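Enquirer: The structure follows.
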Amino acid sequence: MSERVFAELATIHYQKSLPCRHSFDPPRTTPILHLYIIHLLLPPLIAIVCLCYIAIVPFEEEEERMRMQVVETAAVEEEEAAAAMMSVYERVARMASGNAVVVFSASGCCMCHVVKRLLLGLGVGPAVYELDQLAAAADIQAALSQLLPPGQPPVPVVFVGGRLLGGVEKVMACHINGTLVPLLKQAGALWL
C-alpha cells in the first residue's frame with residue numbers, strides 16, 4: 001500500500017471520529033432519551049385515539065338512528081292492538097302506506113342491512129318494521145311472502161309510496177338501472 005493511500009485512509013478515519021454536520025450517520029442520542037420521549041408521548045396519543053373512537057362511533061350510530069325512523073316497539077304494539085280486528089293484508093297495507101318508504105326487515109339479516117344502508121345513502125329515512133320484534137311477525141311475514149314472487153327471500157320487503165317495490169334484488173336492480181331515485185322522488189321520499 002502506498003503511503004499516500006495510507007495517509008488518505010488515516011485522514012478519513014480521523015474525520016469520521018470528529019463530529020461533523022454533514023455526516024450521514026444517524027444522530028447520536030442516548031437510548032434513555034428515546035425511552036423518555038416515548039414514555040411521555042405514547043400515553044397521550046393512545047388516549048387521544050381512544051377518545052376519538054369513543055366520540056365518533058356512537059355519533060355515527062346515533063346519526064343513523066336519527067335519520068332512519070325506526071318504529072318503536074311500543075307504538076307498534078299499540079298499532080297491533082288497534083289492528084286486531086283487521087285482516088293481515090289490510091294491516092300490511094296500512095303499515096306500508098304509513099310512510100313514503102317502508103322496509104319490512106329482520107334485525108339480523110345482512111341483506112336487510114344492505115337495503116337500509118342503500119336507502120340511507122340516498123338520503124331516504126325509511127320506516128323500518130323489524131319483523132323479529134313484532135308479536136304478529138309470523139302472520140305479517142306470511143302475507144308478505146304471498147305478495148312476493150315465488151323463490152324470493154321473505155325479507156327485506158320494500159314499499160315505496162304504499163306500493164310494493166320488492167325485495168333486495170328488485171331494489172338493487174332499480175338502483176343500478178337508475179329508476180330507484182325517480183321512484184323515491186315520485187313518492188315524496190326525496191326532494192332533490
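Glycine residues also receive a Cβ, built from the backbone N, Cα and C atoms like all the rest.
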Enquirer: Among 45-48, 101-104, 189-192, find the range that Swiss-Prot records as motif 'Responsive for interaction with TGA factors'.
Expert: 189-192
Enquirer: Let me make sure I read this right: Swiss-Prot says CYS112 forms a disulphide bond with another cysteine. Which one, out of CYS109, CYS110?
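Expert: So the cysteine that Swiss-Prot bonds to CYS112 would be CYS109.
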Enquirer: Would you find the one among the disulfide-bonded residues CYS109, CYS112 whose Cβ has the most company, meaning other Cβ atoms within 10 Å?
Expert: CYS112
Enquirer: Helix, strand, coil residue numbers for the domain 'Glutaredoxin' (89-191) per DSSP?
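Expert: For the domain 'Glutaredoxin' (89-191), the helix, strand and coil counts are 53 helix, 17 strand, 33 coil.
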Enquirer: Over the span of the domain 'Glutaredoxin' (89-191), how high is the average pLDDT in this prediction?
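Expert: The answer is 91, the mean pLDDT of the model over that range.
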